[in-house]
Every structure is written in C-alpha cells, then in structure tokens.
Amino acid sequence: MMGKQVKNEASKMEYRTLSNGVEMPVLGYGMAQVQGSEAVQAVKDAIAAGYRAIDTAVIYDNEADIGQGIAESNVDRSDLFLTTKVWVQDMTYEGAKASVMRSLELLQTDYLDLVLLHHPIGDVWGAWRALEELYGAGKIRAIGVSNFSPALLAQFIALNDIAPMVNQIENHPFHQQVDKVAYFQEQGVLVEAWAPFAEGMHDVFHSPILTAIADNHGKSVGHVILRWLLQRGISTIPKSMKPARMRDNLNVFDFELTEPEMAAIATMNTGETLFGGSDDPDVAHVEKMLNWTVTH
C-alpha cells in the first residue's frame, strides 16, 4: 500500500501520504461531465457532505464554476485538496505552464494541491518540466500523471528530476489492472481510480457477487466497490449529483471486506478497458483526444 494511512477523526476521512509527504484524502469528489450552475451547486453540496478533495480537469470546462462553488462555501482553502489536469492540447512546456496558471485563476486559488498530465499524448516531457518548475515555485503541492503505462512511468521516474506522485487510472471491478497497480505501488506512486463504478456499465449495481457482499455487511454495492478499492491501497473519486448519495458514499470507513470477499470481486475482472486504451493509445484514440476542445 502506498504511503501511510491517517484517519481524521473529525471528518472520519482517511488520508494517504504521497512520496513527498503531502497528505491526500482517499476519497475525493469527481467533477467530470458537470458544468455551470449545476457544477457550482455540486461543489457546495459535496463540501457540505464532508468531501475535502475536489477533482477536476481543464477539459471538464468547469474550473470557474468550482472556484465559485468553493468561494460560496464556508470552508478554509487549507482544508481542501484541489486536483486539476493538463489537457493534451496544452501538452508542451509553455502550454502546460500557461494551463496551470489559468487553472489557478479560474479556481480562485494561489496554489493547487495536485496537477496531473491527463493523457500520455503530446510533449509530456516538456509538460512535466513545467510541472516540476511550478512545484518548485510552490504553485503546486504535488504532481502526477493519468493513464500512464508502467513502461512510460518507468521512464518518467528514471529520467526526470521529480518522479510522479500519483497515477490516476481506470479501475473498477471489470478492469482491475492488478499487475499495473502493483507495479505503480512498488514504485511509490499512489494509484487513484477514475470511474470506480464503471459508469454503471455491465449493470454493476445489480451484480450478484457485489449484491451478496453488500447484503453481508448491510451496505450498498457502491460502498462495497469503494471499500474494495481502498483495501487495495487505491484512492478514488466517486461522483453523484444527489446530496444524499454524496454523503452515503463517504460511509465506507466502518467495515472491512474479508479475504474471500476480495477474492470473489477479483473474479469479475475481464482485463479489458471500458473506455479506451489511454495508456497505449492508437491513432484513432489520439485523434479523438485532440478533437476535444475547451470553450474558455
């Protein structure tokens, strides 16, 4: 498991310590695919529910909304952990530096807690140098990557001055990436899962395996999935637009899955991505990424 785990008794949130000593909540609130007034309200509801980590990205086109939501919430900036990601169209040294400075302005903050390179597309080496410099200047508390393969991550660790502290990857019961997760953790890189619920695909919330385990603990299938990730040393960023569900997703620190239950979930792994091979993209995938644009 990556880093030590610390429990904040006031909020019941647990934290993991990154390789540079920064503590990061194990559960954050994911802000993909929500914008405008809905995004503003979602941030306010998430903070009220107890979330202190907010995960966004340039391509989500909602950083200004998040900044507004935080400003309207009764929370100290020092209590929050803000993550954003550099998009592929900014994946150069100058582009990444400008992207981060723009994110700081839109999010109404003097620093970011974590900045990731969103995909291994473009001049990731130049972009990483920009993140290293901004990290050194105190504009970013931790830097990392997203959707990187073990091979590329190994090069980043060997050839850069600062190794990535986080790799955010697709991880859910149908795509568990067991060997990759083990490698990343061996290298001291925290693994963070996006799409922990597989966006509801394969009728995950009615899985007989997950439903039976949930019934064993008097919990929901969502609780079981989040607990399964946490027990594998993986942090994650669940999303819901419903305040009651937001609060409910945090109720995963009062039970543990047994080894047989963990083994049962392991049998659900198909070994196939549900969202595209970002860690080893083909031409079509790269072209799709490059065609996505931000309106600001």
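For all residues, glycine too, the Cβ spot is worked out from N, Cα and C.
Unlike curated entries, TrEMBL annotations are predicted automatically.
Database features, via TrEMBL:
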- Tyr60: active site, proton donor (ACT_SITE)
- His118: substrate binding site (BINDING)
- 28-267: domain 'NADP-dependent oxidoreductase' (DOMAIN)
- Lys85: site 'Lowers pKa of active site Tyr' (SITE)
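This view paints the features noted in TrEMBL onto the structure.
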{"residue": "Tyr60", "record": "active site, proton donor", "DSSP class": "helix"}
{"residue": "Lys85", "record": "site 'Lowers pKa of active site Tyr'", "DSSP class": "strand"}
{"residue": "His118", "record": "substrate binding site", "DSSP class": "coil"}
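Annotation for Tyr60 (active site, proton donor): same-chain Cβ neighbours under 8 Å, separated by at least 6 residues, are Met31, Ala32, Gln33, Val34, Gln35. Across the structure, Lys85 (site 'Lowers pKa of active site Tyr') and His118 (substrate binding site) are spaced 5 Å apart at their Cα atoms.
Neighbour count (other Cβ atoms within 10 Å of the Cβ, all protein chains): 27 for the residue listed as 'substrate binding site'. The average pLDDT for the domain 'NADP-dependent oxidoreductase' (28-267) in the predicted structure is 98.
A 10 Å cutoff on Cβ-Cβ distances gives Lys85 (site 'Lowers pKa of active site Tyr') a total of 25 other Cβ atoms nearby, all chains included.
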